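Here's what TrEMBL has on this protein:
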| type | residues | note |
| --- | --- | --- |
| ACT_SITE | 282 | active site |
| BINDING | 100, 102, 127, 263 | Zn(2+) binding site |
| DOMAIN | 2-145 | domain 'Phosphomannose isomerase type I catalytic' |
| DOMAIN | 167-244 | domain 'Phosphomannose isomerase type I helical insertion' |
């Protein structure tokens, strides 16, 4: 079944036709693109804040699942009930999203029970992000402690807002547990510094940057800092550049973000798959509510290289790969069928034991089952055990991403 999916317009999204999300939306909607609007996210799934509907009937996908429970896999229903456990998204990021983390399942239930006005559901939100169409920039997890110490030594303005005692505690820390405790104190001190002090320190550092040598600017990642500070003047989140790993994912590369991992997407287009939740705890780079106490208390303060978050894809056959994060809520597959290699040779996608959602990112094909044409931007729902065989059309490779429960 073809789906019509919700588009979310947030201030950080790319404008008009420059947005992958806007381009994809044309594949399953007749609504024209508004060039001045920021197209941020395309939601594919059953989340109530942006539910997909069946294109032919306009019936919400969740309603269909409730009345056609055989659409879901047996194990899927045992673990998650009669709903999809994942939310599949495409994102187009023009400027940084908030400094944020997502709670674990138990914490999410507590937040929902006590503060439902801020935390809208009781689910956790582990997520996997995959770069699409060029580099995708993000901040992710705490940097190695040696890097953070270096920045404290080189950037007096940063050390001043963190505070002398907190900085010294991090410098003197020897064991991993001491470093994690000291890092928590440093980050919490930063986040709780007055807005006036933060804004003053940011301004002083920005004014000092032009006097630095090219080598020093590079070592202090001044270009990245300046880009973020320009979009969010006076915001405490600007200093997060010096606490969190800066990562650039190339097209097709992925990383997994588990509970309590601090992160912020900065620029680019990506695909994202996550547990079906919209719980976000924020503390910077946002005009929205900053729940600083909750964030600082829940974060994973393990420091280290960003490589620990990278995911590897496994080869299924010459055209298909899969990636399975360490959670049952979701996994992904991707298909790349070269047009030249598949003339007169239909390809059958691996049959999944659970329901799945497919997004066509490039190319054209014909479905052997329905004889209907498939093209860029179309979103399909396949019930558990359903076969899909495609024949590539035209001169472009066919590229499809698929999300499904990992049970």
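Here the Cβ of each residue, glycine as well, is placed from N, Cα and C on the backbone.
Sequence-distant neighbours of residue 127 (Zn(2+) binding site): residues of the same chain at least 6 apart with a C-beta under 8 Å from its C-beta are 102, 256, 257, 272, 273, 274, 275. For residue 282 (active site), the same-chain residues that are 6 or more apart in sequence and have a Cβ closer than 8 Å to its Cβ are 98, 99, 100, 288, 289, 290, 291, 295.
Taking the centre of the Cβ atoms of 100, 102, 127, 263 as the Zn(2+) site, the nearby residues of that chain (Cβ within 8 Å, site residues left out) are 101, 125, 257, 261, 262, 280. Cβ environment of residue 263 (Zn(2+) binding site): 99, 100, 101, 138, 139, 140, 141, 244, 257 lie under 8 Å away, each six or more residues apart in the same chain.
For the domain 'Phosphomannose isomerase type I catalytic' (2-145), the DSSP counts in helix, strand and coil order read 37 helix, 44 strand, 63 coil.
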